[in-house]
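Engineer: Annotations per TrEMBL:
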ACT_SITE  Asp40  active site
ACT_SITE  Asp364  active site
BINDING   Glu11, Asp40  UDP-alpha-D-glucose binding site
BINDING   Lys174, Asp198  Mn(2+) binding site
TRANSMEM  435-458  transmembrane segment
TRANSMEM  470-489  transmembrane segment
TRANSMEM  569-589  transmembrane segment
TRANSMEM  601-620  transmembrane segment
TRANSMEM  632-652  transmembrane segment
Amino acid sequence: MFVPTADPVREPPIIIVNTVLSMLSVNYPANKLACYVSDDGCSALTYFSLKEASKFAMIWVPFCKKYNVRVRAPFRYFLNPLVSTDDSAFRKDWEMTKREYEKLCRKVEDATGDSHRLDADDDFKAFSNTKPNDHSTIVKVVWENKGGLGDDKEVPHLVYISREKRPKYLHHYKTGAMNFLLRVSGLMTNAPYMLNVDCDMYVNEPDVVRQAMCVFLQNSKNSNHCAFVQFPQNFYDSCTNELAVLQSYLGRGVAGIQGPFYIGSGCFHTRRVMYGLSSDDIEDNGNLSSVATREFLAEDSLVKRYGSSKELVQSVVDALQRKSNPQKSLENLIEEAQQVGHCHYEYQTSWGNFGWLYDSVAEDINTSIGIHLRGWTSSFISPDPPAFVGSTPSLGLEAIVQQRRWSTGAIEVLFNQQSPLSGMFRRKIKFRQRLAYFWALMCIRSIPELVYCLLPAYCLLHNSALFPKGPCLGIIVTLLGMHCLYSLWQFMRLGFSVKSWYVAQSIWRIIATGSWLFSIQDIILKLLGISKIGFIVAKKTMPDKPTQGEDDGPKSDLRKFEFDSSHHFIPGTFILFVNLAALAIFFVGQQRSSCSHGGGGSGLAEACGCILVIMLFLPFLKGLFEHGKYGIPFSTLSKAVFLTVLFVVVSLGI
Ligand SMILES: O=c1ccn([C@@H]2O[C@H](COP(=O)(O)OP(=O)(O)O[C@H]3O[C@H](CO)[C@@H](O)[C@H](O)[C@H]3O)[C@@H](O)[C@H]2O)c(=O)[nH]1
Ligand SMILES: [Mn+2]
């Protein structure tokens, strides 16, 4: 089980602690599980929090198993008060466990306020004088499960790792961290299946490991060809539902072709596949084919591919040949694990061509295409209640920057080795699956979307017709109506409201013109070699009271849209102003010379177009009248006004 984290400020350790606790307590034999936390932030605080969490786990895990607790992230479980129960033993245990959890929270909080006191402890020496981007590898066995406690009391291994970073070396952000996790876990426990989650995505279904294993091990003739099992991502703090709808339709749709995309979190991978095998490298009985044996197991090819660590190479051979591992003492493997975390370890190896694939900031979609190109299938499981739940950025800059990263990463995939374009003639991926991956091109839509948002206004100002008149207008209105009804039906079929559909339409337009537009700039600058693309970690928060949406479906709410002086808000404000200006000029002109205009120019249809655009950019309209973080700041307003004046002048042809 892998949990990557990168920044103790944007990803508060207590969130990671909860994710880890939820994983340690899943319903599965504890001696077959191990949890690895990779910390790209190289934070003593994170390590401290995990140490404390491992102590609390000795209470939490038996408690969850004894009472068959459903939600095993303590912050979530203790949000609800104890319902009156006659079982006084349960009440006592509940209260004691809650007290211990609160103690844990306090310890983490105190350490966050005063991290210097950790320096005094010898165990934290490795963290002194380190910077997140300049430090050597740290590997710490937080808890080693030596067995003997009985199944319901045992707590799986917990290992903290932080790979070496030096300013001169590329570290590939999360992707590099995932490959390090793959290597260290290979060395230490070498399980054939691996679950990875983002650090905020706690396990919400204790049987999730069994569910995934059912798919891997089911007795169908294709069982060996399922490379990964993907669960959808759900969020406890989301104000909108557009991602849930997208995942539901896209996820299930693609699942019917070759399998769902890997979406970065809530996914179980097969270790052998991550080591680079193709589907035809495996025979019907699951063994390596003779060609694959020659290709993968030759001594020099092993070192070239996987690096110089003998222990690691041996573990790869074992994994490829499906040999079970003798239990080893984790403490004895620390040195070897540190070696495979050196910056230069991957130098002249093929890491990044297998494992999690490099060259895209959206490593999920990139790795996903790589696996499907090698002929593997994947499976989608979407249980109710959801198996994984996490935090999503608040509506505003955080969400816009996240979407920008996703779409930039998706376009990056088009220009690298895994591109669905260059793989056009490779037969191992199904044609329709390849087409589905072109969904990655979505951000190119930003340019036509921007044009569509401006066209009605331009036509009104320029007094030229955008829409045909007479019965032909009926065709356009019918098409638009059908499209709206269809997407509305998609929402309602999943139990979402009309309002939630409207909010989603609005959010998609804002993303298209606020995030995707800038991704195109990112890609152009990257292709010209002017700048590189980085990974800005999304900010995570934890609720302190149950969210309203928990039982009656998440709420859709645009009122919480936050603004600041970022340039990401200029296009939206500009679009709003242009449409407002066009409407105002149109109505003023209409009143002044209602008799002088003939039927050739723009008219009510174009005005309706403007109104529609304004409705879609409603958060911006509201932002004009709000103050503080919900209001659009003056600097953004003035830039947008300047652009609007230019646009109006050009359109009017003055
Ligand atoms: O240098 C880095 C940057 C990020 N992360 C971790 O990567 C995970 C995902 O980062 P987050 O900021 O939460 O990104 P999201 O946009 O919320 O994540 C989605 O999009 C990412 C790709 O852009 C995928 O990697 C994620 O799995 C997917 O859930 C988190 O656990 C981070 O700690 C690292 O370990 N190292
Ligand atoms: Mn996230």
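Cβ atoms here come from the backbone N, Cα and C positions, even for glycine.
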Engineer: Would you kindly list the residues that approach the transmembrane segment (569-589) from elsewhere in its chain, counting only those six or more residues past its ends and only Cβ-Cβ distances under 8 Å?
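Structural biologist: Cβ under 8 Å, 6 or more out: 397, 450, 453-454, 456-458, 460-461, 510, 513-514, 517, 563, 602, 606-607, 610-611, 613-614, 617, 620-621, 623-624, 632, 636-637, 639-641, 643-644, 647-648, 651-652.
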Engineer: List the residues of the same chain that sit at least 6 positions away from Glu11 (UDP-alpha-D-glucose binding site) in sequence and have their Cβ under 8 Å from its Cβ, in sequence order, or write 'none'.
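Structural biologist: Looking at Cβ-Cβ distances below 8 Å from Glu11 (UDP-alpha-D-glucose binding site), excluding near sequence neighbours, one finds Thr5, Gly41, Cys199, Asp200, Val537, Lys539, Lys540.
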Engineer: My understanding is the cutoff is Cβ-Cβ under 8 Å with a sequence separation of 6 or more in the same chain; which residues meet that for Lys174 (Mn(2+) binding site)?
Structural biologist: Pro4, Ala6, Asp40, Gly264, Trp356, Glu363, Phe535
Engineer: Taking just the CA atoms, what is the gap between Asp198 (Mn(2+) binding site) and Asp364 (active site) in Å?
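Structural biologist: Here the two Cα atoms lie 12 Å apart.
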Engineer: Give me the non-local Cβ neighbours of Asp364 (active site): same chain, 6+ apart in sequence, Cβ-Cβ under 8 Å, ordered along the sequence.
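Structural biologist: Looking at Cβ-Cβ distances below 8 Å from Asp364 (active site), excluding near sequence neighbours, one finds Phe261, Tyr262, Ile263, Gly264, Ser265.
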Engineer: List, by number or range, the same-chain residues at least 6 past the transmembrane segment (435-458) whose CB is under 8 A from its CB atoms?
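Structural biologist: For the transmembrane segment (435-458), the sequence-distant neighbours (Cβ-Cβ under 8 Å, at least 6 residues beyond its ends) are 250, 253-254, 257, 261, 365, 369, 372, 407-408, 410-411, 413-414, 420, 466, 509, 512-513, 515-517, 519-520, 571, 575, 578-579, 581-583, 606-610, 612-613, 616-617, 647, 651.
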Engineer: What parts of the chain pack near the transmembrane segment (601-620), using Cβ distances under 8 Å and only residues at least 6 beyond its ends?
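Structural biologist: Hits for the transmembrane segment (601-620): 395, 453, 455-457, 459-460, 462-467, 469, 473, 505-506, 509-510, 558, 561, 569, 572-573, 575-576, 579-580, 582-583, 586-587, 632.
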Engineer: List those of the binding-site residues Glu11, Lys174, Asp198 whose Cβ lies under 6 Å from any atom of ligand 2, in sequence order, or write none if there are none.
Structural biologist: Asp198
Engineer: According to DSSP, collapsed to three classes, what secondary structure does Asp364 (active site) have?
Structural biologist: helix
Engineer: Looking only at residues six or more beyond either end of the transmembrane segment (632-652), which have a C-beta under 8 A from one in the stretch?
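Structural biologist: Those are 454, 457-458, 461-462, 563-567, 569-570, 573-574, 576-578, 581-582, 585, 620, 623-624, 626, in sequence order.
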Engineer: Tell me the coarse DSSP state (helix, strand, coil) of Asp198 (Mn(2+) binding site).
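Structural biologist: Reduced to three states, the DSSP call for Asp198 (Mn(2+) binding site) is coil.
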Engineer: Any idea what DSSP makes of Glu11 (UDP-alpha-D-glucose binding site), helix, strand or coil?
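Structural biologist: In the DSSP reduction, Glu11 (UDP-alpha-D-glucose binding site) maps to coil.
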Engineer: Could you check what DSSP calls Asp40 (active site) once collapsed to helix, strand or coil?
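Structural biologist: Coil, per DSSP.
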